[in-house]
Amino acid sequence: MCHIILLGMNHKTAPVEMRERLAVACRQEVNPLRLLPRLENVDELLFLSTCNRVEFLFTCRDRDGGLREVTALLRTYLGLDSTEGVENHVYAFRGMEAVRHVFRVASSLDSMVVGEPQILGQLKSAYREATEWRTVKVILNRLLHKTFSVAKRVRSETCIGSNAVSISYAAVELAKKIFGSLQDKRVLLIGAGEMAELAAEHLLAQGVRHMVVANRTLERAVDLAKRFRAETTPFDHILNALKNTDIVLSSTGAPEPILKYNDVRARMRERRNKPLFFIDIAVPRDIDPKINEIDNVYLYDIDDLQGVIDLNREERKREAERAEHIIAGETLKFQEWMATLNVVPTIVALREKAETIRRSELQRTLSHLPHMSEKDRLAVEALTEAIVKKLLHDPIVFLKKKADRSTKDMYVDYTQQLFNLADGDDGEEAPAVTVQMASAGNDGTLLKTFEPDKESPWRKS
């Protein structure tokens, strides 16, 4: 039996320390796909790695053996030794749960910021690498193509990516509206907490190439900068950094403003009054409101963003529900396709036998018609192909319709006996494909995950 399994960790399950390992591993460009030939139980493999997520999507015959091998692969990728556990930070989905999860990831329903577009491009890159390494075959090829079409449906039929639902996202969207493209803008992030992290995620998604992080604790600034390909500057050098900055986004926990009117005014002279935009999303505020009075300085605070956020949150929730409905329907369609794989060996055998008979009879007939022109020979061959195709159409459609029913085996057996398909083979039927339906709540949250057996790598000693 063939199982579809997804094993991974993301921003919801892994602490900052583990996610930092993800960022380091991602930059090393070490591709685990090259190790597939060493995995005895894994048939197909796709590998997705971002700053906030690492996932292995694979098919295998032996579920526990496959999980054990891919867990070891995850350890290797993260550079963990045998004493460092990952079990508490890893999730695993199988069957249609895995399919549904991939659909949700591609549709950005499982992202740190619901609706962000970056993850789909990352998943496409992962699939492109897998095809180059030839680690995907029939099942994962079909699944990934379906995944991309599902994500496209979600984008086109919902407004999931249209409305900002976090202060950080709204701040970046505001900057985008002000400047248009952010690719050539220099951004100074003050603070390295969760809001700064989210802002960095959005800025990166918008193509920002010049980002500087400042934080009272330099180590935190360095950690954030590593994960988002940014630079750092000491906290007491913030004023100096203003000289070459277009956008300042501040989100510290300081009890009083860290940027004062007189300080900013002095730096504006050095900038020759080049426009400078401040987005203050801290509470209490990081930036003296009075700086808005300085020429060519534009200040926006959290109150300017919050009203938009409140309106958009309900709209995004409704759009997410619509997206989940699309995903549920597409998951069922994929389940139906998977079920047809159970009858594929019989269908293939039926077509091959019909083709063998067609060619044999055609050759025998044409041998008695030596004076027939090449054009007429081709016409007769096309005729026989069309007849065979039409004769097989109804029984093949019938088998596919019965593929996901409990009586499937009976109909497969009848077909094999009726057309004498077992004649001359070894009597063994091709491996079946195990399909399991996902359990999910109305809000799209996971209700069940992989339950380990006694020999599973997840069980603690």
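Cβ atoms are placed via backbone N, Cα and C, with glycine included.
Per Swiss-Prot, the features are:
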- Thr50, Cys51, Asn52, Arg53, Ser111, Glu116, Pro117, Gln118, Gln122: substrate binding site (BINDING)
- Cys51: active site, nucleophile (ACT_SITE)
- His101: site 'Important for activity' (SITE)
- Gly191, Ala192, Gly193, Glu194, Met195, Ala196: NADP(+) binding site (BINDING)
Discussion item. Could you state, as a whole number of Å, the largest distance between Cα atoms of any two of Thr50, Cys51, Asn52, Arg53, Ser111, Glu116, Pro117, Gln118, Gln122, the listed substrate binders?
Written reply: 15
Item to complete: Provide the three-state secondary structure of Gln122 (substrate binding site) computed with DSSP.
Response: helix
Worksheet item: Could you tell me the C-alpha distance between His101 (site 'Important for activity') and Pro117 (substrate binding site) in angstrom, no decimals?
Response: 17
Discussion item. Quick check: in three-state DSSP terms, what is Thr50 (substrate binding site)?
Written reply: strand
Practice prompt. State which of the following binding-site residues has the fewest other Cβ atoms within 10 Å around its Cβ: Thr50, Ser111, Gln122.
Written response: Gln122
Worksheet entry | Cβ neighbour count (within 10 Å, all chains shown) around Gly193 (NADP(+) binding site) | 14
Worksheet entry | Integer Cα-Cα distance in angstrom, Asn52 (substrate binding site) to Glu194 (NADP(+) binding site) | 13
Worksheet item: Which is it, of Pro117, Gly191: the one of these binding-site residues whose Cβ has the most other Cβ atoms within 10 Å?
Response: Gly191
Worksheet, complete the sentence: Candidates Thr50, Cys51, Pro117, Gln122 (recorded positions); nearest Cα to Gly191 (NADP(+) binding site) turns out to be Cys51
Worksheet item: With the NADP(+) site defined by Gly191, Ala192, Gly193, Glu194, Met195, Ala196, which remaining residues of that chain have Cβ atoms positioned within 8 Å of the Cβ centroid?
Response: Leu189, Glu197, Leu198, Ala199, Leu224, Ser251, Thr252
Worksheet item: In whole Å, how far is Ser111 (substrate binding site) from Gly193 (NADP(+) binding site) when you measure between their Cα atoms?
Response: 18
